[in-house]
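Visitor: I have a structure I would like to understand better, so I am pasting it below and will then ask my questions one at a time.
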Amino acid sequence: MSVNYAAGLSPYADKGKCGLPEIFDPPEELERKVWELARLMWQSSSVVFHTGAGISTASGIPDFRGPHGVWTMEERGLAPKFDTTFENARPSKTHMALVQLERMGFLSFLVSQNVDGLHVRSGFPRDKLAELHGNMFVEECPKCKTQYVRDTVVGTMGLKATGRLCTVAKTRGLRACRGELRDTILDWEDSLPDRDLMLADEASRTADLSVTLGTSLQIRPSGNLPLATKRRGGRLVIVNLQPTKHDRQADLRIHGYVDEVMCRLMKHLGLEIPAWDGPCVLDKALPPLPRPVALKAEPPVHLNGAVHVSYKSKPNSPILHRPPKRVKTEAAPS
């Protein structure tokens, strides 16, 4: 649970602004804004999504700065509520929608600040995913950089030794690497993983559309990555119930529950959200499936100029691809 994760971090005074009031767009305005997002995605050649804790609240994992977030409740001297464990949490509709968007070629890369492992367990391809703050289910060998995805949380935090050794053979016929495996969870002062940060930065700089979901964008440098898209002339869409650090930079701000926004988005794109059939780890993305032939018909909603978005006419541009990451997937030894 994020409660245990937060409790495992070192003491840190500046946790950002917590408990800000939530904003809800009226239903017609929300529908129109999601339609605008669908058009932007359809006409963009490279789309990057940036996700935060807000996409996992529907999975029973509390966020940090929301009205009932871990740190918000901590400031009030109250205990946060939680409904599940990391192992029992199920991917939300948003997690599964992102899987389908990648599968259909609408999503080029995914950058996440979440440590709950739900993107990986949902089946999102790891070669198109940067987990900037780590993953509770992943441990890594510091010698050969091989990562192991476990079926339970690894049990430590702060890049500490987990007590297991790397089993990858150095070369054929020689003994195993036997490097001391460590968790991948960052503490406050730890540097972001070089590879994930490099891929996230490259994807953000080359994208013509960045979409943030369920994040207040307060943590640096993760929260500033979407601005790299803006600096290169791309568009920025922010989906969050609370105000974010970069609202003024956004071309479109959508205030609604992320699951509702993603369900509406998938409907406009003519896509179904797949069901989750249990934990599934996909190391490398599959070739994209054919897209629907066109967007669904535009809804007859007019907002008297409340939404202003410009579009680029590049519906058939190529999709950005990323190199695979060396990953070993297995259950943790008992």
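Glycine is treated like the rest: Cβ placed from N, Cα and C.
Sharing the record's features from Swiss-Prot:
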| type | residues | note |
| --- | --- | --- |
| ACT_SITE | HIS133 | active site, proton acceptor |
| BINDING | ALA53, THR57, PHE64, ARG65, TRP71, GLN113, HIS133, GLY214, SER216, ASN240, GLN242, VAL258 | NAD(+) binding site |
| BINDING | CYS141, CYS144, CYS166, CYS177 | Zn(2+) binding site |
| CROSSLNK | LYS170 | ubiquitin cross-link |
| MOD_RES | LYS33 | N6-acetyllysine |
Visitor: For the C-alpha pair, I'd like the distance in angstrom between ALA53 (NAD(+) binding site) and LYS33 (N6-acetyllysine), rounded off.
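Guide: One finds 22 Å between the Cα atoms of these residues.
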Visitor: In sequence order, which same-chain residues at least six apart have a C-beta under 8 angstroms from LYS170 (ubiquitin cross-link)?
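Guide: Those within reach of LYS170 (ubiquitin cross-link), by Cβ under 8 Å and sequence separation of 6 or more, are CYS144, ALA176, CYS177.
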Visitor: Looking at the recorded positions listed here (LYS33, HIS133, CYS141, CYS166), whose Cα lies nearest to that of GLN242 (NAD(+) binding site)?
Guide: LYS33
Visitor: Compute the centroid of the Cβ atoms of CYS141, CYS144, CYS166, CYS177, then list the same-chain residues not in that set whose Cβ lies within 8 Å of it, in sequence order, for the Zn(2+) site.
Guide: PRO142, LYS143, LYS145, THR146, THR167, VAL168, ALA176, ARG178, GLY179, LEU181
Visitor: If I take the Cα of SER216 (NAD(+) binding site) as reference, which of the recorded positions LYS33, HIS133, CYS141, CYS166 has the closest Cα?
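Guide: Spatially nearest to SER216 (NAD(+) binding site) by Cα position is HIS133.
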Visitor: Going by Cα-Cα distance, pick out whichever of the recorded positions HIS133, CYS141, CYS166 is nearest to LYS33 (N6-acetyllysine).
Guide: HIS133
Visitor: Taking the Cβ of each of the recorded positions and counting other Cβ atoms inside 10 Å, which one has the highest number: LYS33, HIS133?
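Guide: Sorting the candidates by Cβ neighbours within 10 Å, the top entry is LYS33.
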Visitor: What's the CA to CA span in angstrom from CYS141 (Zn(2+) binding site) over to the residue listed as 'active site, proton acceptor'?
Guide: 17
Visitor: Which one of these binding-site residues, SER216, GLN242, has the sparsest Cβ neighbourhood, judged by other Cβ atoms within 10 angstroms?
Guide: GLN242
Visitor: Would you please pick out, from the binding-site residues CYS141, CYS177, the one with the fewest other Cβ atoms within 10 Å of its Cβ?
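Guide: Each of the binding-site residues CYS141, CYS177 was scored by Cβ atoms within 10 Å; lowest is CYS177.
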